[in-house]
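For reference, the structure is listed below as structure tokens.
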Amino acid sequence: MKILTAAQTRALDQATIQEQGITSAQLMERAASAFVEWLSHQFDSNEAGEILLLCGPGNNGGDGLAAARLLHQAGYAVRVALLPAEKQSADWQHNRQQLPAAVPVAEMEAEKLPEIASGTLVVDALFGTGLSRPLEGLAAAVVRHLNKAQARVVAIDLPSGLFAEAPQPADSAVVRAQHTVSFGLPKLAFLLPQNADFVGAWHVEDIGLSKRFINETATPWHYTDAAAVAGALPPRPKFSHKGTFGHALLLAGSRGKMGAAVLAAGACLRGGVGLLTAHVPGCGYDIFQISQPEAMCLPDPQVAYLSKLPKLDAYQAVGIGPGLGQAEATYTVLRKLLKNAAKSTEKRPTPLPLVIDADALNLLGSHRALLKLLPENTILTPHPKEFERLTEPARDDYHRLELLRDFATAHRCLVVLKGAYTCLATPTGELHFNSTGNAGMATGGSGDVLTGVLLALRAHAQLPAFEAVRLSVYAHGRAGDLAAVHTGQAGLVAGDIVRHIGPALAEVQAQI
Ligand SMILES: NC(=O)C1=CN([C@@H]2O[C@H](COP(=O)(O)OP(=O)(O)OC[C@H]3O[C@@H](n4cnc5c(N)ncnc54)[C@H](OP(=O)(O)O)[C@@H]3O)[C@@H](O)[C@H]2O)[C@@H](O)CC1
Ligand SMILES: Nc1ncnc2c1ncn2[C@@H]1O[C@H](COP(=O)(O)OP(=O)(O)O)[C@@H](O)[C@H]1O
Ligand SMILES: [K+]
């Protein structure tokens, strides 16, 4: 699914109107109906009580006025508070006229802000994608007044005062909604942690916007939903054998952190790899062999950390990092790996696919000269702190996305910035936000599991680099979601994700 800018969204509305031969008021009616449908599923008229709709002067306010009429017709008690303005949009005026006289309407004033009793259900229809500057004056006062009330707030399209794809100046007035109900496509603002308190839970309702326009519109932002990965994993051919699905090498573990190696290996095996060899420090040999009998194991001569790089000829992909530690000798292993993976051989004309995680990322961060050695299409999987060590502290989440895009294009890598909406940046500068996963995955070892899945799918001969990464991230989150059904979020541990990778991948295969 694409994510468009506010300007592109306006053009999408216009394209829909022209293509489908409808009026803008009819499109607004669709939006308001979709909103009311959502609201009535969420709250019946008893649960809702009297609904207060705060309506601005533009089409967002027009949506609010149309919703007030539809809610009134559906038997809800509603009242409307209007934000005064010099001019209102044409569709606003149309819906103002359509509002039944039985619906109480008041104009807000600085001295007379609407009373909002605790628990009131408030619909925020002040401003949407047409917000052109931070709120001030009466509009800001209304928003601050609303945020102080103990209300249940549902925003139409965007919480008022929030920009759709840019940061707010500090201390701007922005509505804090529990729910945001938007139309057609998600907005970039929904996916960033800094906006979580404003957006609340977000929902996207289909209002039949032009598919042609969406297909033809270029954007760097994408949202990986089930449709994006459907059929991405080819079925296993009847006469396949273990050599068909690649031999992966995992370099992981140090004293006290062998669990990370075991989890990554388990995930790689469940990710469908043909063969897996793990190279682990001497102290981890027994631990690994006993916990992962399906994998082969090469012990390092050093007891507590990795000091040697095995020969790479046999492998189709290499993962390095989980539980690795940052010993000087391990840094040398990483440098050799980068150099050797970049070399082409007769059997392998392109660089050896690499997945770099955890302490291997931290070693890159503390020895930045290594970044020049990264082979094209290398996968890096930092969480925000690890990413900062590779680049610089971000001013805010939007700036972090800029840094991410710049890093991926400069180093021609696939960078997986982990979080609630993990963001995959490609060498061409696209950003793909993942839709799966849950807060239960905020637990030690979840990232090691992702590395294992990436390693398996990167060793898979039939998956191009980008598809392998997008699918891995999606399946990892989906495995977490399937696991949480059984464990609950608090009870979820990384091993539960491993156990659900198989079902998550099977689901993707079934969705063709
Ligand atoms: N057919 C369609 O197009 C559909 C659109 N839909 C709905 O329309 C919404 C977009 O509507 P919109 O473009 O009218 O913008 P909206 O967010 O209502 O605000 C614009 C008004 O606010 C004003 N204003 C801006 N910033 C301000 C500020 N800081 N402080 C004060 N005023 C400020 C601005 O004035 P100006 O900037 O010109 O001074 C203008 O008057 C979209 O979010 C969705 O809900 C759906 O119905 C689907 C069909
Ligand atoms: N709130 C959340 N919602 C969805 N996914 C999450 C959430 N928190 C963490 N995750 C996922 O869990 C993984 C955590 O990785 P990481 O921070 O490296 O953990 P660790 O180092 O303990 O393995 C990432 O893939 C991340 O996307
Ligand atoms: K709004």
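Here the Cβ of each residue, glycine as well, is placed from N, Cα and C on the backbone.
Because TrEMBL annotations are produced automatically, they should be read as predictions rather than curated entries.
TrEMBL lists 9-215 with the feature domain 'YjeF N-terminal'.
Among the features that TrEMBL reports, (6S)-NADPHX binding site is placed at 59-63, 128-134, ASP157, ALA260, GLY323, HIS383, ASP448. When other Cβ atoms within 10 Å of the Cβ of HIS383 ((6S)-NADPHX binding site) are tallied across all protein chains shown, the result is 17.
SER160 (K(+) binding site) counts 30 other C-beta atoms within 10 Å of its own C-beta, drawing on all protein chains shown. In the three-state DSSP assignment, the secondary structure recorded for SER160 (K(+) binding site) is coil. Per TrEMBL, the feature K(+) binding site maps to ASN60, ASP124, SER160.
If you look up TrEMBL, you'll see 225-508 marked as domain 'YjeF C-terminal'.
What TrEMBL records for LYS418, GLY419, ALA420, TYR421, THR422, GLY447 is AMP binding site. Secondary structure from DSSP puts TYR421 (AMP binding site) in coil.
Within 10 Å of LYS418 (AMP binding site), counting C-alpha to C-alpha distances, fall none of the binding-site residues ASN59, ASN60, SER132, ASP157, SER160. Taken residue by residue with DSSP, ASP124 (K(+) binding site) is part of a strand.
Nearest by CA distance to ASN59 ((6S)-NADPHX binding site), out of the binding-site residues ASP124, GLY419, TYR421, GLY447, is ASP124. Summary of the AMP site environment: with the site residues LYS418, GLY419, ALA420, TYR421, THR422, GLY447 set aside, the chain residues having Cβ atoms within 8 Å of the Cβ mean position are HIS383, LEU417, CYS423, ASN434, GLY437.
The binding-site residues shown are THR129, SER132, TYR421, GLY447; of these, the one with its CA atom nearest the CA of SER160 (K(+) binding site) is THR129.
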